[in-house]
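Just below is one structure, and these are the notes that go with it.
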Amino acid sequence: MNAWLFLTKKEFRLGLPSFLMVLIFFSGIIAGGVFAGNQFGFEDEFMSIALAIVLGLHTLFLVVYLYYSLNAERRRLHLWLHTPMSIAGLLASKLFTGVVYMLSTFIISIILAIQSFKNTFSFVHQESLFNSIGSTSVIVLIAALFMGSVFLLFWSVYLTFSQKWNDFISFLLTVVLIFVSVWAYAGLLDIPFLQALTNWGAIHAGDIFIGFEMSYIEDSFDIQTMEEATVFYIGHFVRDIFFAVIMFIAACWIIERKVEV
């Protein structure tokens, strides 16, 4: 345990440049929203759009972080893979630090988004607004973990290919495999048996704000909110987490058994 904590502390230092780059990028998006809002006179509206983009981009946070961290390790792969710790421990350390860094920016973004959305969409019921933000937060975080596991799996596949072919050919083969896997996974989700297994634990989130409709009537604008009752299934979240764990285990197995240094 002490060895893993030491490794994780080291990983925080290794991944700090990646975190700072993402932080600067997110800050740039928000600053762009503020600038555009001041230019066009819609400060709250542009700020809300910028924050919505930042929240959505958090689904790719772990992918960017893991790419940077693992690419740095690849330069000394023989040392990294020959450490006494298991591959699972090494990758778990990277995932953990990535999640901590992601939560630090995500929580700040959520706080800013709540305040901005309340100012922008003051005509939206507060319950609907909080339902929307809460549901979005859960979906984004689970999607980020899922995408991180997907990246680890295909990174391990890429390393395996690179044992036999050059980097360009290995990259092309990995991309082809990604498209085939996406097609197969989409088909798997459409199987009625799997849908029956995962459509349980319904959560009625209530009315969620999905947009608004604007009309011009008698020299004035009429704005109507678009809300719909939404149901989320715990089974869908469990399914995504299950597949994420399977992909993580598969990535560990591939690196441990197939990658030679």
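Cβ coordinates come from backbone N, Cα and C, glycine included.
Per TrEMBL, the feature transmembrane segment maps to 12-34 (among others). Tertiary proximity for the transmembrane segment (12-34) is limited to same-chain residues at least six positions away from its ends with a CB under 8 Å from its CB atoms, namely 43, 46-51, 53-54, 57, 61, 64-65, 68-69, 72, 94, 97-98, 100-101, 105, 109, 112.
Feature annotation from TrEMBL assigns transmembrane segment to 46-68 (among others).
Sequence annotations record features per position, and here TrEMBL assigns transmembrane segment to 95-117 (among others).
Annotated transmembrane segment per TrEMBL: 137-161 (among others), in sequence order.
As annotated by TrEMBL, transmembrane segment applies to 168-186 (among others). Residues 154, 157-158, 161-162 of the same chain lie 6+ residues outside the transmembrane segment (168-186) yet bring a C-beta within less than 8 angstroms of a C-beta in it.
Annotation source TrEMBL lists transmembrane segment at 231-255 (among others).
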